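A.B. asks: Dropping the structure in here first, questions after.
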Number of protein chains: 2
Amino acid sequence: MSITLLANGDFSAGKSAQASVTSRVASVYSEVQATRIDHELPLPSVLRKPFKIVNGPPSSAAGNPDEIAKLFPCLFGQPSAVLVPSDSEANQTNQKLKIGCVLSGGQAPGGHNVISGIFDYLQERAKGSILYGFRGGPAGIMKCKYVELTSDYIYPYRNQGGFDMICSGRDKIETPEQFKQAEETALKLDLDGLVVIGGDDSNTNACLLAENFRKKNIKTRVIGCPKTIDGDLKCKEVPTSFGFDTACKIYAEMIGNVMIDARSTGKYYHFVRLMGRAASHITLECALQTHPNITIIGEEVAAKKQTLKNVTDYIVNIILKRADLGYNYGVILIPEGLIDFIPEVQQLIAELNEILANDIVDEGGLWKKKLKDQSLQLFEFLPPAIQEQLLLERDPHGNVQVAKIETEKMLIQMVETELEKKKKEGPYLGEFKGQSHFFGYEGRCGLPTNFDSAYCYALGYAAGALLQNGYTGLISSVGNLAAPVEEWTVSGTALTSLMDVERRHGKFKPVIKKAMVELEGAPFKKFASLRNDWALYNRYISPGPIQFVGPASNAANHTLLLELGAQV
Amino acid sequence: MSITLLANGDFSAGKSAQASVTSRVASVYSEVQATRIDHELPLPSVLRKPFKIVNGPPSSAAGNPDEIAKLFPCLFGQPSAVLVPSDSEANQTNQKLKIGCVLSGGQAPGGHNVISGIFDYLQERAKGSILYGFRGGPAGIMKCKYVELTSDYIYPYRNQGGFDMICSGRDKIETPEQFKQAEETALKLDLDGLVVIGGDDSNTNACLLAENFRKKNIKTRVIGCPKTIDGDLKCKEVPTSFGFDTACKIYAEMIGNVMIDARSTGKYYHFVRLMGRAASHITLECALQTHPNITIIGEEVAAKKQTLKNVTDYIVNIILKRADLGYNYGVILIPEGLIDFIPEVQQLIAELNEILANDIVDEGGLWKKKLKDQSLQLFEFLPPAIQEQLLLERDPHGNVQVAKIETEKMLIQMVETELEKKKKEGPYLGEFKGQSHFFGYEGRCGLPTNFDSAYCYALGYAAGALLQNGYTGLISSVGNLAAPVEEWTVSGTALTSLMDVERRHGKFKPVIKKAMVELEGAPFKKFASLRNDWALYNRYISPGPIQFVGPASNAANHTLLLELGAQV
């Protein structure tokens, strides 16, 4: 039974209304989608009652505070702003606000709830305010492409996945002309505030905007919200980025299913590549949820300066040991960005780019003499299909397309080759059949879990509170996440305090460094203490599909809980 | 929080017990898995109370009844056996039974529940009976490899996905020697009955076994159960095969997520290949659940004698029309077996096999002169990567490996090439980026839906009842599936009545013909009436993750409901 959602928010079973301005109004909803729309969201208790905002001590920067201070003369050193219960609403003005919001970068489940949170805050605490949604990401700010977000407009997107309410984009506001365009939009719409919902780059950008508005005496304040399924935007005050919880649970559902398939069939090694080019948090979290036989963590490969051969050998050794135990099957998790962590691969690709740009790649292979020894050795070690891909597929700049390499298929071929050698040598009698998987797009737009739904709503609600109270250049920060929602803490953290600088083209650029998997952190240590057992014995866990009601519906992910010191 | 399930069925939080004889005992369970174990299963009311079994009129065959009669002299013409309420348990003996069961072929969610159903029937209605599980499929029968299934043994598998309780296999009992082995096992274990849980081939095999035992005056009776995620084992009396419901809902969850991703990003065409080599039921069901822009149904392609170029043009035309509407994105569903439905592809492959076996494939391409015109034309139309795959990858018999062709990637390349032509011709200004997906293994071993859980349990329970009452050569048949479980009907249907013959090696072989998508059936007709609307407008539905509690947890799939005449 499907349910049609009409523009006014009424449901009408079985009928499909005409296509309308927004993509969801008049779409047909599944029962699960429909029941989620009216799911009541809990709020941290501090947001449910009158609160006041208390400033902490001045902040510094994650690194190079002097340079950050120079880059952000108006904002550097801002204290964090903590919401605490208050007897009166004294410090909350009744001023009507004009606020804009924008979704930036790749989708993450929960983005719509951040917007609902901002909207509901304004409705409840600053009646008569207006919320604009910039369309298609930061480009929408620059081109002043926006839509006024009303109650009816937002309604169909409540607790729904995707970013399609206002869509997203990957443009950046970088050049002086682009900053000028943003100013014009802020002035044209008379914006009191702007909420930037995005990852590390977008939040850096948000802070640059905030600094620029402050410098130019434009009243528009800017608050960031931490978004990315990759889980690599986090710090003490911002314990996780939204979307990570849902995406990992979707991938873990699939991995758990594949594990049971592996065990039932007894004849495949499933190589599962998981989305996330930079950090391996998704892979680590999925491992903690499902207990695969082998998990490769990019940060460990980099720290140990492992080669592709080392990684292959590690896999092959476990396969050999499992064959001795009678197991010719298993599940192996691989982070999408694996080869970016391997220095020798980077070196080979740099040399290939050079050769491809300047030389002729002859059939006979004379061109290979231009490769350094180590690179030649690696190239010869690669499966022929990958060699070919490296030579043939180029991006518009003529460079090798590393992102197109299907790491899981490459590893299958390399493992296969090594195992054939072992077979000839004698000790290995098992059968190896690799089966490749890539879990990526299916996780970015799922219905947000109860955790992400509530977390995002609180992030948005807090952003509204911070803007109303005159703050700028902060990132909305919701903490104490291992406790029930009522006990979550709410604050704003100076974006400059998350920053360091990187030198690019001879200039210092501010960056929020990606939070990588910490080899000394609790999640990795737990994984490392268990992986040998998981490798040989089958400790598979199948998390099953995300549940929205019942006892299994409210647990947060392992990474977050372990980092918060909770027992999992 | 994970939960450890100990051998005695007790839960102990957080501790992991030692590995044990069976794979699941002492495994660690997720919360969802754990809550499912104790999920109370409803039974059709006729199975909850005393019943008697009433025979219908004599049956015939699906085709060539004279030949089927010759092949099954003992069993042909058996009536169906219908369970109806009775005032007394008079006709139920208190005889203790020895029953074997076996899982045959690919995994399908719910297999464990069929076994639980048989077990519980025996516990409740034939106390003191013994249930054996043959390990690793039919080979377990032939080698007499079995395990006695006790209450403790079965407990951890209740309502769980996978076939790992006793595992499965693809061997067939075919030769006289193999039948002899099966007889020996039946006699050795003193089996009163055997339940064969499998697809069309396995159920045909079950009937041959039943016939053989009857002919030899061996007391072992044989009952089949309809299993396959492909949904292609069904008839009037057996409205669906188990596993189809769960697998389709898992795939539909992923497709729905990808749709929202497509709409949010606005720049990808997602080509989703779905498991199922023979019939396109899975693809059709997923289309009905999610409303993709384009769906290719193999049976329609075959009926219309379409070429690969026709299919490509169909896709390209919709992409062009969508570009005019401003949509440069979309979702396209493709059945895994698509190319098997295209006669010209079959012809090309036959010619290639011939050439590859007898001739040299020269670099210059002279070998191509041996292809017939139509085949050469098709070969030249194929993307180079596919051409190469056809020439290089062979199975152990030297044949082209059709199954290895990634149809979705092939179509992306063909569509890309056609669109580039259109771009040069002028009218097309859009951008096309294809993104490929294959959803297969993740659907075979998911936690069974409430529907599959209950359906399988009833199938198993009914198989027990039929065996206890002396029936053989029937397939367990549970009907009226659009009604609440209490009102489901329970019977056994003569397996011979599902059969036709095929001529193989000059002999008639009995087969249960695969139920293909009927172009005049209600599911296809509903799809066909809506697809033009779905093609141009975005009517995406995101079914979300399977729910086990709440209003969205009990609906059966569209195909089944539409075939039963219910409104969906």
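Glycine is no exception: its Cβ is also placed from the backbone N, Cα and C atoms.
Automatic, uncurated: that is what TrEMBL annotation is.
Predicted, not measured: the structure shown is a model, and the values here were computed from it.
According to TrEMBL, the feature active site, proton acceptor maps to B:D230. According to TrEMBL, the feature diphosphate binding site maps to B:G106. Among the features that TrEMBL reports, Mg(2+) binding site is placed at B:D200. Per TrEMBL, the feature substrate binding site maps to B:T228, B:I229, B:D230, B:K267, B:Y268, B:M275, B:G276, B:R277, B:E336, B:Y441, B:E442, B:G443, B:R444. Residues or ranges marked as domain 'Phosphofructokinase' in TrEMBL: B:98-463. Residues or ranges marked as site 'Important for catalytic activity and substrate specificity' by TrEMBL: B:D201. What TrEMBL records for B:K227 is site 'Important for catalytic activity'.
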A.B. asks: Does DSSP put B:K227 (site 'Important for catalytic activity') in a helix, in a strand, or in coil?
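C.D. replies: DSSP assigns B:K227 (site 'Important for catalytic activity') to strand.
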A.B. asks: Could you give the maximum C-alpha to C-alpha distance in Å for the residues B:T228, B:I229, B:D230, B:K267, B:Y268, B:M275, B:G276, B:R277, B:E336, B:Y441, B:E442, B:G443, B:R444 that bind substrate per the record?
C.D. replies: 36
A.B. asks: Spatially, and counting Cα to Cα, which of the recorded positions is closest to B:R444 (substrate binding site)? Options: B:G106, B:D201, B:K227, B:D230.
C.D. replies: B:G106
A.B. asks: In terms of Cα spacing, which of the recorded positions B:D200, B:D201, B:Y268, B:G276, B:E336, B:E442 are within 10 angstroms of B:D230 (active site, proton acceptor)?
C.D. replies: B:G276
A.B. asks: Looking only at B:D200, B:D201, B:D230, B:E336, B:E442, the recorded positions on record, which one has the least crowded Cβ, with the fewest other Cβ atoms within 10 Å?
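C.D. replies: B:D201, out of the recorded positions B:D200, B:D201, B:D230, B:E336, B:E442, has the fewest neighbouring Cβ atoms within 10 Å.
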A.B. asks: Among the recorded positions listed here (B:G106, B:D200, B:D201, B:K227), which has the Cα closest to the Cα of B:E336 (substrate binding site)?
C.D. replies: B:G106
A.B. asks: For the C-alpha pair, I'd like the distance in angstrom between B:D201 (site 'Important for catalytic activity and substrate specificity') and B:Y268 (substrate binding site), rounded off.
C.D. replies: 40
A.B. asks: Can you tell me how far the Cα of B:K227 (site 'Important for catalytic activity') sits from the Cα of B:D200 (Mg(2+) binding site), in Å?
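C.D. replies: With distance taken Cα to Cα, B:D200 (Mg(2+) binding site) is 8 Å from B:K227 (site 'Important for catalytic activity').
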A.B. asks: Over the domain 'Phosphofructokinase' (B:98-463), what does the predicted model average in pLDDT?
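C.D. replies: Over the domain 'Phosphofructokinase' (B:98-463), the predicted model scores a mean pLDDT of 94.
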A.B. asks: Secondary structure at B:G276 (substrate binding site) (DSSP, helix/strand/coil)?
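C.D. replies: Its secondary structure by DSSP: coil.
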A.B. asks: Same-chain residues six or more away whose CB lies under 8 A from the CB of B:Y268 (substrate binding site)?
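C.D. replies: In sequence order, the residues whose Cβ lies under 8 Å from that of B:Y268 (substrate binding site) (at least 6 apart) are B:D261, B:A262, B:Y329, B:K433, B:G434, B:Q435.
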A.B. asks: Within 10 Å of the residue listed as 'Mg(2+) binding site' (Cα to Cα), which of the binding-site residues B:G106, B:T228, B:G276, B:E442 do you find?
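C.D. replies: Taking B:G106, B:T228, B:G276, B:E442 one by one, the ones whose Cα falls within 10 Å of the residue listed as 'Mg(2+) binding site' are B:T228.
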A.B. asks: Measuring Cα to Cα, how many Å separate B:E442 (substrate binding site) from the residue listed as 'diphosphate binding site'?
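C.D. replies: Here the two Cα atoms are 13 Å apart.
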A.B. asks: My list of recorded positions is B:D201, B:K227, B:D230, B:G276, B:E442, B:R444; which of them have a Cβ under 8 Å from any chain A Cβ, in sequence order?
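C.D. replies: Cβ contacts with chain A under 8 Å: B:E442, B:R444.
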A.B. asks: Please report the distance from the Cα of B:T228 (substrate binding site) to the Cα of B:G106 (diphosphate binding site), rounded to the nearest angstrom.
C.D. replies: 7
A.B. asks: Provide, as an integer number of angstrom, the distance between the C-alpha atoms of B:G106 (diphosphate binding site) and B:G276 (substrate binding site).
C.D. replies: 11
A.B. asks: Does DSSP put B:Y268 (substrate binding site) in a helix, in a strand, or in coil?
C.D. replies: coil
